[in-house]
């Protein structure tokens, strides 16, 4: 027992040590885990680079880091050391206890902790560096933030101060102060602008802080925004202050302007309040001009006032620099002052206008009065002319005076009307105006009476002088004419004869008494007889001359015609018809040039025949010669015509045959070309694609076929005609037609016609829609004409579009019908789309019409506007010319120049009147356009107003210039009169100063001459007075010049008079007595001669003699007046002689006798004058009656004439003559009335001629009434004749015009080129328009003819026939016009097509040059450029060329379909063009392919070169370094993988290059192919080398990596094995079973670790073998390492096996000892029970004892097995003790792993587990043991779930838990020890594992069995 006790204590001690060791191990594992976890967490924390974004935060983090290093880390370091000590202690204890040395699990080794600690140290160092760097950055940011704050504070302070400065509006209150404030503000602006850089510096600092993510960036940003806001606010304040300052400155300037305006208004008011309204007209005009300037200045100031008001309004809108009320008051005051000023100006103008009207009236009245007085003096003159010239001159002067008087009368009436208006307006000078008007009217009436009297007297004097002069002239002239006409040589004297007739008729205008005198009658008879002889001789000579002239003319023309006929006949006779076509065309051309010559010669022949007929009809003396010449010429002409026709027929026949053969050849070649095209379509199939392709090829072929058929028909007809004309060539002619017949093309085309109807419809629809869109685009154009030509061009184009729309209307209807037919009843989507297209087509068609109408309206308005502008330019040219003339007219300095200037100005004003109608027409047209709402109405109105103003201005300027010229003429006339008078005075002064009167013999004659000289001076004194009174009153503006001239003349005249008086006194004083006696004798002698004349009874026999006597009487009276002065002078001389003492009675007696005789003659003188006046009145009356009767008789034949004219000119002439006659009758009516009024006065005297006068008056009355009636009747007859002749004239004009147009229409002239065709077409269009316009003329003519017929005109039938001829002619003309229009259109379109074809062919040729270029490029870039350019060229060529070719084809097809005469030529052009186009497209395609091939080749070269360079570059970049360790190798491998990825793209390029090379080698041969192959070979060689280098490096890197990985594995395994060996060798000796089991468990753990390392060993060994098999470059080293590893492993396994065998032996010993003790203890415990005698007192006790015994038996049965085992153990132990342990061979075992849910149900027999919850565990079944782990990782690491040992599955049962319903898929596992568990499987995986069997496995199982008992 004691031994057992000791053993128990020992066992307990061993167990206590094992338990303590277990606790220490658990402590180590927990501490190691915690330390490693802390290290990992700390590394994660230390690697965190998210630092605090502030200096304080970083400093705190740095402080925390320092705290970690000083506070937190040292304990952990101590703990790490304690762990090492603890591990050493554990291992030491276990070695001491002979237990298996504890080895921490993988990852918790000391080495692992050391590695983790090293990583911690590294992370710590990096953390410290990062914190230091971040701290430096944060310190810099803080410094930058402080600098920002300092700058921001400075900027804010500065900005705030400047804001306060800018916010102050201390601008001042006057202009100077505001301007100074403006300059100051500009200085502030400059300063602020310079400060912007500093603000931007703050912003840049803030941006830098923001970029560095400063922690207080919000504050920085806010402060930056505050600075920017203050800056922006300062700028806004600055801008606002600038605006306010400018407004204030503007206001002050406005105030200043207002002051200036007010001052100016005050000055103007003082000027306008003046009371000076002028003292004469010039003064008033001057004041008005000044006032006009003032008004203009006021008008100009109005704009300034308005601008001031507007400025004030703008100033008070927003900013108010001052009180708005002040501004409004000033504005109101300014406006009031301005209105007051305007009112004063208007009032002063009104007063000045009234003053001007008054003074102008007075001035005009004074001018009229002066003119009347002047003319009265002229009319009072008794000078009627001394000869005919003088009388005519005076009469013309009097007519000019009457014209002037007529002109003056209108002006005078207007002036009087103005005066009356002034009186009616109650003018202040009304009384003076009335007096002035009355005075002027009286003076004007007196002037009219004087004018009538003087005119009658002048007419009588002219008649008398005219008769005498005419008679003398006629006598002289007729003698000369008789001498001429009597000669054999005839002269041309019809005009002279007519002049003689007129003179002969004029000779009848003599007075009756003179005309009836015997001398005059004899003279008239001789003149008439001689005149008749002259007329007859003249007529005969004229006829002879005309006949001779006509004969010579006819003979010369006939000879010229014969010469031309001879020349042409010679040419025709020598001409032979050639056979060649070229020669025929030359001859034909000569014949064509012959036709115009023949036409001209035909007209000459017609002229000869006409002249000959006229001569024969007039009875020419050479009638036979004329007839013979005429017949000869006509015969020659007809023969020549026949010869020409014959030659022409032969020529046309030969030309027709040649043309026929030529057309046959052309048609044959044409058919062959089309046949080739048709034959090329035979290979096409009959499917849709083939049909469409065929249709495209045969497009337009049908039209060509129709043209060819028409051509064949024409050739057939031509062949028949030529065969009939040329029977000898009929076979050859008809054979040509049969050769060219064929129908291949037609049959092929017809066979495909039906197949493409729908396609044709769609193509037509596309064409129509494209045309519609193009037309809409053209119509929608916004182009407006800028010139007349453009307007007409656009209108013509627009009208052409309308015609085109009309032409397309039929196509549109056909297309609609076809579309409806196609889409009817169809529901397919394509047909629905087609229906939508048709609807869109309808919409577009309607919109097109609307757009056309709108555009037409716009263009019409523009055309009207351009017409207006053209007329406006013409009118402006007129106005410019007028303005130039008016501006450059100068005042002449001579009278002749003044009169010429007036004449020129009057002509200019006449031209202005003529142009006024045109200008008015322009203005009327403009107003009509404005009224019609033209789009340019504003411009038109502006032009009209401008022209109207300029026209009125020019009219006023012209009138004013004319007045100034007349004033200048008056002034020049005055100056000339003054000059003449001064010359006359100087001449007379010389006479007056002649003092040669000393001799007495001629003293009396000098006295008489001097008396006559004095009388002349006295008579010419009126000249001086007239000059003195004329111009001063009329022209006040010339007053100074006139006064100067008049003063000079007055001085000279006074000198002359004084000189004359002095000379008279001297002469008288020289010999007074003798002079007195001589004077008395002369007077007495004169009185004696005068007395018989006064007592004569001769009072005149006719009017002429009476007038002569009256003139003599007037001369006598004038002489009497002069003599009366001499008588008075004699009285003064007598008194002077008496005073001198020389007088005597004889002297007085002589004087008295003379005075007595003189006084006695006064009464007979007066009586004779009265008798002469009475005689003149009677003779004048008879003369007037005879003149009027003679006048009526002369005009009576004209009034009664029945000659109404045979043409319009004669009728118009007769009407004019009749109108003239009527006007003459009306003009003679006053004379008729005057004669009958005077007849009453004459008949009252009852003279001897009263009865004769009465009879003549009755005859005169009857003749007068008759001539008036006859003129009226003749007027009616002439009007009817005029209507008829006017119609005939118009009809003849119409017929002539239409005949002329017909000649043009029938002309066969053809255009030679397009320009001439366009010209001819334009001419024809103009002609067509003229024909259309002429319809109105024809219609008007028709209306006129119907009117005449309806009025019953005498020539109605003739008029109707003439009208029908005109209508027929006009209809024929229109037909001809349309026919010629068609021909011209055809010709024009032909030339247009020719031009288009030529241009297109030239364009195609130019393109062919480019397309045919052989340049293929020198390199890749060059060929790329060429390809791009050619692609653009091909695109442009295709787009433009196809459109142009299609257009030309359409035009050609239209011409061919329209039946053009040159259809064959057009078809040839078309075919040639299409072939050229196809050739160009083929060339373009070929060039494109060549360039593409060249591009591919050069691209291949370029790519090959580039790839080769890249490959070489990559090869160079490939490194040779293999790495120093595993990490560097992995880095190099990654780099190499990236490098390989990079060259993958390069490999794709190389493969593409290979494909390109293969393709190009198949396309090229020779040197090119060799070059391509060579380039490819170079690239492939380089690529292959690169791949080999890359692969070699990759292999080397892999080998190196494997080498280093192998070395690493070997090193790790070697270290591990050394540790394991040390661990195995370091185990202590066990003292009991538990320590043995602990050591075995530890040793088994080592085994498990070794087994776990098997994979590593396998991997390492396999890696080494693989490297050796790959013949690694370090194979020797690898082999050595591999041997070391295997040896070391073998050593480790041997040591473990030895240790394991030893532990098994020790365990069995200790197990036997323990089991034996237990068994012994059990036996000892059961012995008292078996030795007990207790049987039980009752049944229950017995039953209990039975049960107890049954339990004992069961326990004994159990212990029986243990005893048996103990016996076997003892046996085995003995046997094993005798022998060494034998190692069992390794056997593979299968392993099953997976996750299950487990529930522990039973812990022991009849004892349920304390925890029966479900747990998820990772289960591993390995070698019939079930181990439980937390997860797969724990299973790999060998960490069991809750430290449970694996459960043996031997003798265990497994069955499905059917009774358990809570979970599915539950099974029960019953262990041999009755342990029960339920698991729910989730996933299971089976793996195979290889492990070495443990020799002590059975013992372990037994241990488990036995360990189920409770320990005591």
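Every residue, even glycine, has its Cβ placed from backbone N, Cα and C.
For the ranges 1480-1507, 1508-1535, 1536-1563, 1564-1591, the feature annotated in TrEMBL as coiled coil maps to 1536-1563. Coiled coil is the annotation TrEMBL gives to one range among 1085-1112, 1113-1140, 1141-1168, and that range is 1113-1140. Among the ranges 656-690, 691-725, 726-760, the stretch that TrEMBL annotates as coiled coil is 691-725. Cross-referencing 791-818, 819-846, 847-874, 875-902 with TrEMBL places the feature coiled coil at 791-818.
Of all ranges given (178-212, 213-247, 248-282), TrEMBL attaches the label coiled coil to 178-212. Same-chain residues lying 6 or more positions outside the coiled coil (791-818) and placing a CB less than 8 Å from one of its CB atoms are 761, 764-765, 768, 771, 775, 778-779, 783, 785, 838, 841-842, 845, 848-849, 852, 855-856, 859-860, 862-863, 865-867.
Across all of the domain 'Pleckstrin homology' (1793-1875), the predicted model scores a mean pLDDT of 77. Taking DSSP states H, G and I as helix and E and B as strand, the domain 'Pleckstrin homology' (1793-1875) has 9 helix, 38 strand, 36 coil.
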